[in-house]
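Annotated features, as they stand in TrEMBL:
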type	residues	note
BINDING	Gly233, Ala234, Ala235, Gly236, Ser237, Gly238, Lys239, Thr240	ATP binding site
COILED	1-28	coiled coil
DOMAIN	212-607	domain 'UvrD-like helicase ATP-binding'
Amino acid sequence: MTEDEKDLKDEQARVASVQETIEKKREKTAGLIQGLREKVIDLRKNFWEDVTVNLDEADDVNETQASLKQQAELLGERERTHQQIHNEVKTLDRLQRNPYFGRIDFREEGADHDEEIYVGLASLMDEKEEDFLIYDWRAPISSMYYDFSPGGASYETIEGKIQGDMTLKRQFIIRNGKLEALFDTGVTIGDSLLQYVLGGNASTEMKSIVATIQKEQNQIIRNESAANLIVQGAAGSGKTSAALQRVAYLLYHYRDRITAENIVLLSPNPLFNSYVSNVLPELGEDNMKQATFYAHMDAQLEGRETIETPFEQMEYMLLASGEEKEQRLAGIQYKASLDFKRYIDDKLEEFKQAGLIFKDVSFRKQRIVSKQEIQSHFYSLSNSLPLSNRAELTAAWIVEKLQLWGEWETRKDWVREEVELMEKEDYVQAFSELQKKDRTDTDDFEENKQEEEILRKWVVERKLRPLIKKVRKHAFINVKKSYLRMLTAERRPEMPASWTDLYETTKKNLIRKYMNWEDVTPFVYFRDKVLGDRSDKTIRYVLIDEAQDYSAFQFAYLQQAFPNARMTLLGDINQAIQAHALTGENVLSGNTADSHRIELWRSYRSTRQIVDFTKELLDHAKQIQPFNRDGELPTLTKANGETERRRLVLEKIRSLQESGYETIAVIAKTSKESKEAHNWIKEEMEADLITETTSQYKKGLSVIPAYLAKGIEFDAVILYDVSDEAYGHESERTLLYTACTRAMHELHMYSVGNLSPFIEAADSATYTSK
Ligand SMILES: Nc1ncnc2c1ncn2[C@@H]1O[C@H](COP(=O)(O)OP(=O)(O)OP(=O)(O)O)[C@@H](O)[C@H]1O
């Protein structure tokens, strides 16, 4: 038997023995679960029997309350334990299928023997609960598996650094409890395993990379110190993967302090949400909160305004031309900048002295408190108080006035009319209220009068309630008008030349309750400063994927919206596709004192040939390195007219399908173009059209605009139009790069007429031209 065969045999024996332990533990735990389940059901059933209920005297009531509390606590505790054990069983099931994926042998300095450390999805002790059979991949000791190759190695613990020597590093492929292969690895972690993993087909759901996390990705996952962790990484370098593993790491590391509810992932589109939704459950963790930035902002506006989506804005920019487009672009860029935020902050400071616009508070078309009165009261309050505090105090003052006025109003005729229309139940209730009063000297007439008074009071109270609620939400401040006033309060040199026209557009939009995307963040920022803090203090970590598409202003807003959160920003400046991203300010530059910046240059998604070609599309991309996985060169086919192009594209799709590729995408520049392409493709074969609202993508053929393909990947990608009309402008370079880098194994491009200058400029040895 060779050395290798012996290793395989020994490891097979260990897998079998660990599985036996798992099985025994599972049986024991399942027994516990059954017992607990019965206890919980029993407790729920007999809840009231075990509670002493006596409400006769005050003391008895207290005793009853205490007894109730005790019983509820007992039930809660049992339910929690039940849940915990249930989770343990689920973990054991996962371990049963795949107990571990790595092993390192480590001799700590001063020790006389190697310790064998097996790394898997969760920790497992032996039956005596003495030794670890498996270490959780997130345990401090497991970090060596990712950070070192055999030789000197170390890891951090709370007590300090542990140093020693790694004598072996081994990786396993275990499927359904069966050891299929093992690799002893050298310099980097598991090239062979990574080759094996990356060679597979793309999936409609993102996979966990836990067995093959790379050293630089591990730094992202385990970073605990940076307030802002910034990751600039090439397309396919594992940013999203690392972000999700990071969430799992944080949930493990801070398990006593945070849960999935305290973490938010901001993602580029709903499709992406579903694409990544399986990773954490696969790792045995709950999913963090997930939202698109658009959905977050829409929720902030509580559906009161219709807002343009970032994709609509993008579509406009891609399709529009001429002066109107240039004007809007200038507006978008200025409104995305920290200059504009500073301008708003300055104006808010001035509004502390004067300038906010108020609304009359009226009831039944009658003005109760005029806007002038409100303004005088508001500005009579100390200007050392923030605007929002003064709004609070003014609200209390208005409510008092409303209540006083309400008492007078009860005498009005309309109230009597309303009383007559009241429900029978109201009369019964008013009568019973009267009964509670001392009525020794009342006659029938008096009683009727008193009853009517109660009912009149109720009529007014009920009608006033919604108004008071609005006042308490500071609706007496005219935020929109104040915002518009703020926009024109001063003319600054950095403002676009067409500022007045831009202002008119914003005004027209606000009047019809519509907001362009570039106005949303500044407006909400301004509103929150005026009306009061609406921040979410429960969130401890915010991860922003595709962060290059956030403006400096949007990022500043998010820091304020989640004041207790550490931020992780992951993005690729070469994939910046939002119009505001063309300006200098870039959230990924991360040059603040509390930022830690990591760069990822190795691309894992695509074959070496695709990466070599796609980096040619960029200006400064020398550092991007492909992972060593070979495939065919990308192809470029120039067709003689539209009919031929369509025929060639359809032929290619068929041949890709025959090769067994499961996910194939035809990527178009805009949503309009993808609709058109879908129309002619679907006449010949089944194809899904992906739109902004698509929340899940299926295997098979998808037709998709480039900006919605962000973050996801396909086995094969077809760009059916790479002419200079589609990708001719400098601002379209990143879109072309984004589209091409979605391909894992094959990339095919087609054009009619002049070719995109970006492809024209690429080294022709990096693709095949037909
Ligand atoms: N360490 C790794 N082990 C295995 N697969 C990996 C690893 N890192 C990345 N990958 C794979 O590479 C592909 C790209 O990863 P991911 O989507 O996380 O990259 P990204 O940087 O977010 O890309 P993009 O910016 O293009 O959206 C995925 O299929 C992912 O599973």
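Cβ atoms are placed via backbone N, Cα and C, with glycine included.
Compute the center of the Cβ atoms of Gly233, Ala234, Ala235, Gly236, Ser237, Gly238, Lys239, Thr240, which mark the site for ATP; besides them, the chain residues with Cβ within 8 Å of that center are Ser241, Asp572, Leu600, Ser603, Tyr604, Arg605. According to its DSSP assignment, Lys239 (ATP binding site) is helical.
For ligand 1, the nearby binding-site residues are Gly233, Gly236, Ser237; that is, of Gly233, Ala234, Gly236, Ser237, these have a C-beta under 6 Å from one of its atoms.
Over all protein chains present, the Cβ of Ser237 (ATP binding site) has 26 other Cβ atoms lying within 10 Å. Across the coiled coil (1-28), mean pLDDT in this model comes to 89. Cβ contacts within 10 Å of Ala234 (ATP binding site), excluding its own Cβ and spanning all protein chains shown: 29. Every protein chain considered, the tally of other Cβ atoms within 10 Å of the Cβ of Ala235 (ATP binding site) stands at 26. Within 10 Å of the Cβ of Thr240 (ATP binding site) there are 25 other Cβ atoms, across all protein chains. Under 8 Å, Cβ to Cβ, and six or more positions away along its own chain, Lys239 (ATP binding site) finds Val231, Gly233, Asp545, Leu570, Gly571, Asp572, Leu600.
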